[in-house]
């Protein structure tokens, strides 16, 4: 929102929410009616092509978002090395409003502008006219309009909304108040209307112009330099005809320079070009030599088939909210399956997120496999190779800690990471499975005054650590699985072993639950029971009517942890899993020991370190 919002700042269809697309429905329905009644030979192809054009533009914009987020996560060629937060993502979530507005104007033009009907596929003279009118009137008028927008009155009432984003993403380019974007649309319509009135319009030329505008807008705001220097060496005048991402980035950091739309020519002739433009461009290209140094690497993986859309490089709005299954995502199953196949064939981990806390630089890398892959025996060797390759690459890049998230630390897969330590005994990076902090979170989630709990579900390394800690606190732990009870009993110190017992039934109102707990067993719990998961994955909540469920082991992160603008799987905003935080603490504290295999660090020490650095228990709803 602008500093002091003026008239027509809000979009008129804001209250429609996701139903705003119905605004285009009458024209879309009319188009299909025309096809049904007249046939493809008689119908106006230009009118019919508007809907595919809008869909293509949305895909084009999404591609830029994904590429930009992947590139900026790696830190290569990055221009502004600062983070963004959730408020920017929320502010820019309505980027498709511009597509809807453009669609409405295109439909109106195709119906009512003279010469806008029954356009041919291509006319060279029309394409040339569009290029000339854009380079002349459009660029000239935009330059002076843009300068006017930086006048105090217009800036505070309108343009400050766009400049709220210092660190830009591709789609920042179309985040403006409604009135301002209407003015831009009218400006860009000059070449199109001129072609229609002169009888030189064509479908392909119009589409190329729209794609050109989207491409240049996205490129200018992507926050990484991608224009190679050899282009300007080969054709020097290009410097005045095409801006670069670093050129426009200076406009967002300096505000009073580099006003041009896409052609810096006007900044040169009116002496508003930032003097550091060339230097920033060259320095941004130099960042290509090597990826940004990293201290902590967290290895995660894809979960469900649709989880790829919820990762940071996916759909920004989905990534900014806890993962939930949405019915309409099922309609994207062809793309989901294609993504799975492409991911499965990809032979290396990829960077999905970059964070900074104090002087510690962190990255999250995703192993290109889904959760179901980890349950396939014939996939285990390939998955281990991928994790091993990632660990070695992180170590080569100077990482101090590699934390294993989700199923990447499964005991049946790699003995909680110990397999890599045995293979590479001189490994510089510390391997951390996060058991101590995960167990500490579970123990500290138990309400004060609790004297007995029930432990149900598969007994993992975390479950064993929790059981030992609770028995030492003289809290009675009742297990519901006899076989697991006999396996765990010898691991409890003799002095407190009586605190661990087996029973098919129990009266405790606190259940510590893990994977493998079925619905029937949950229904054996009393009303008012608190279920606290110790597993990586959330349990199926079948007792929401009378019981409550905690999140999987996690903590809220402090404000000093920056560039957090996506949710970690199903966790709330600015909440991270204990396994991920454990790696961060390892680096912050400078601990030199591994936590893998059967090794568990001192839970009290790890918990105290987490609290000291500002991590907080998650408030349960």
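Along the chain as shown, the residues are counted starting at 1.
Cβ coordinates come from backbone N, Cα and C, glycine included.
Swiss-Prot lists 138-272 with the feature domain 'Fatty acid hydroxylase', giving sequence analysis as the kind of evidence. Per-residue pLDDT, averaged across the domain 'Fatty acid hydroxylase' (138-272), gives 97.
If you look up Swiss-Prot, you'll see 99-119 (among others) marked as transmembrane segment.
Summarising the annotation, Swiss-Prot assigns transmembrane segment to 126-146 (among others) and lists sequence analysis as the type of evidence. If one looks beyond the transmembrane segment (126-146) by at least 6 residues along the same chain, the residues whose Cβ comes under 8 Å of a Cβ in the stretch are 183-184, 187-188, 190-192, 194-195, 198, 200-202, 205, 208-209, 241, 259-263, 265-267, 270.
Among the features that Swiss-Prot reports, transmembrane segment is placed at 186-206 (among others).
Remote same-chain residues near the transmembrane segment (224-244) are listed as 68, 71-72, 76-79, 135, 216, 258, 260, 262-265, 268, 281-282, 284-285, 287 (criterion: CB distance under 8 Å, separation of at least six residues from the stretch ends). Residues or ranges marked as transmembrane segment in Swiss-Prot: 224-244 (among others).
According to Swiss-Prot, the feature transmembrane segment maps to 332-352 (among others), an assignment based on sequence analysis.
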- For the domain 'Fatty acid hydroxylase' (138-272), give the DSSP counts of helix residues, strand residues and coil residues. 93 helix, 1 strand, 41 coil
